[in-house]
């Protein structure tokens with residue numbers, strides 16, 4: 001039986017929250033946002049369609065905060081279906097109640113509002129928020145998150161002259177509701193209708209491929225200055241190669257970790273990943289320059305139309321961009337992207353959210369307590385429905401969120417029995433959860449048996465990417481692990497026919513979502529939760545929020 005809280009997330013509750021938190025302003029600062037999520041009309045590819053806007057904006061507003069600030073976001077759902085926002089990369093220390101996924105939160109019903117309140121504790125970097133339900137991200141609803149360093153901790157590069165956020169994404173003219181029906185019926189997504197920059201279609205670089213009259217993104221810059229570009233792949237399922245004509249990209253940060261600073265002419269950015277680059281305007285501005293995001297790991301000529309193109313415009317530019325786009329990497333050099341990914345390493349001498357160097361946590365010297373070899377498979381029929389699996393299990397989202405069931409000891413909602421490798425049994429649909437050991441050190445190996453690149457994300461943590469290679473992972477594969485300066489991030493790619501290994505310290509109590517970032521894989525069941533329970537009473541762990549929405553199983557009096 002469905003049961004919801006009498007505190008129906010009314011605006012009076014929000015005002016009360018503001019009053020209560022304002023009392024504590026002497027400590028870490030608070031910032032307040034009041035966002036309405038609604039359908040708005042846009043024409044990113046020249047065809048009018050409904051997109052999801054936040055405060056009437058597509059993409060939504062940028063949440064710009066500093067380490068340890070407290071964030072209060074009141075979300076009003078003006079869609080015609082339930083809604084949740086999740087905060088990709090925000091760790092919600094000891095507070096998975098705010099994670100915004102079905103395992104932790106009941107959806108916000110249409111016409112309701114609900115207030116998120118969380119702290120960006122001990123984090124810096126570039127992240128984004130997006131809708132976590134029912135393929136909604138395919139229609140928008142996303143926006144940027146910037147977590148700045150505190151003034152007392154130096155940034156390991158000079159202060160840039162500007163800070164620019166770019167969202168790149170594959171895009172379909174079909175609505176998210178139509179796309180999810182296709183996926184459920186076993187129909188492939190097919191070639192995207194385009195690739196967007198900040199919700200806008202491509203510059204008309206080719207009259208045969210791009211319609212006339214499409215509004216495109218222009219980035220205005222001044223010669224000689226250096227800008228920080230935060231680039232997020234917020235798309236559905238397409239890896240994109242990002243590059244700027246005649247300009248180098250100096251990688252400085254990815255998903256909360258300062259990196260070894262290296263020059264790249266282009267970067268493969270996979271679904272759900274975020275990067276920060278420093279780009280210096282050192283060209284002669286004889287014309288504008290192309291900024292390109294083009295699909296990777298595709299062979300069909302039909303994908304040529306799906307190229308995103310924005311314009312870099314110097315204030316002293318002498319004319320429009322013209323001629324061919326800068327070349328992408330060779331599609332047949334299968335090792336290029338993997339070698340590029342391996343080259344991304346942590347700057348071990350730099351401080352980040354804390355003054356101690358990032359390399360002071362010597363993850364390579366910690367004993368692993370749990371090992372999970374997680375194997376995916378392409379969509380398959382299970383009980384007559386198309387599903388995707390991890391270790392032969394397609395996740396079934398219960399009507400009662402796992403975190404609520406755990407809080408109230410409700411039996412039968414989930415089982416702590418997710419296998420640590422593929423079992424010799426038929427694939428099944430189930431609510432099976434990984435039983436994580438609090439303060440344990442877990443090794444997870446993702447083995448990709450699909451034919452496309454898959455990205456995997458873990459809420460609540462930054463994990464260390466320690467190895468990847470083509471072929472089947474074996475115990476001997478640990479011999480190539482990077483045990484010193486592997487990058488710490490929250491989303492990693494796994495190439496087709498390959499594996500990626502990560503290490504994660506389970507020091508954050510909660511119920512945490514481990515998922516495919518590719519929406520088609522995620523929607524059909526490629527996710528699992530990791531339960532991390534502190535066996536001791538921790539007074540600092542955030543308790544059940546007063547404004548919790550209840551759903552699913554009736555709670556006992």
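Cβ coordinates come from backbone N, Cα and C, glycine included.
Per TrEMBL, the feature signal peptide maps to 1-26.
Look at TrEMBL and you will find 37-150 (among others) tagged as domain 'Plastocyanin-like'. For the domain 'Plastocyanin-like' (37-150), the model gives a mean pLDDT of 98.
Per TrEMBL, domain 'Plastocyanin-like' is recorded for 163-317 (among others).
Per TrEMBL, domain 'Plastocyanin-like' is recorded for 400-535 (among others).
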Helix, strand and coil residues within the domain 'Plastocyanin-like' (400-535) as assigned by DSSP:
17 helix, 59 strand, 60 coil
Number of helical, extended and coil residues in the domain 'Plastocyanin-like' (37-150), per DSSP
7 helix, 52 strand, 55 coil
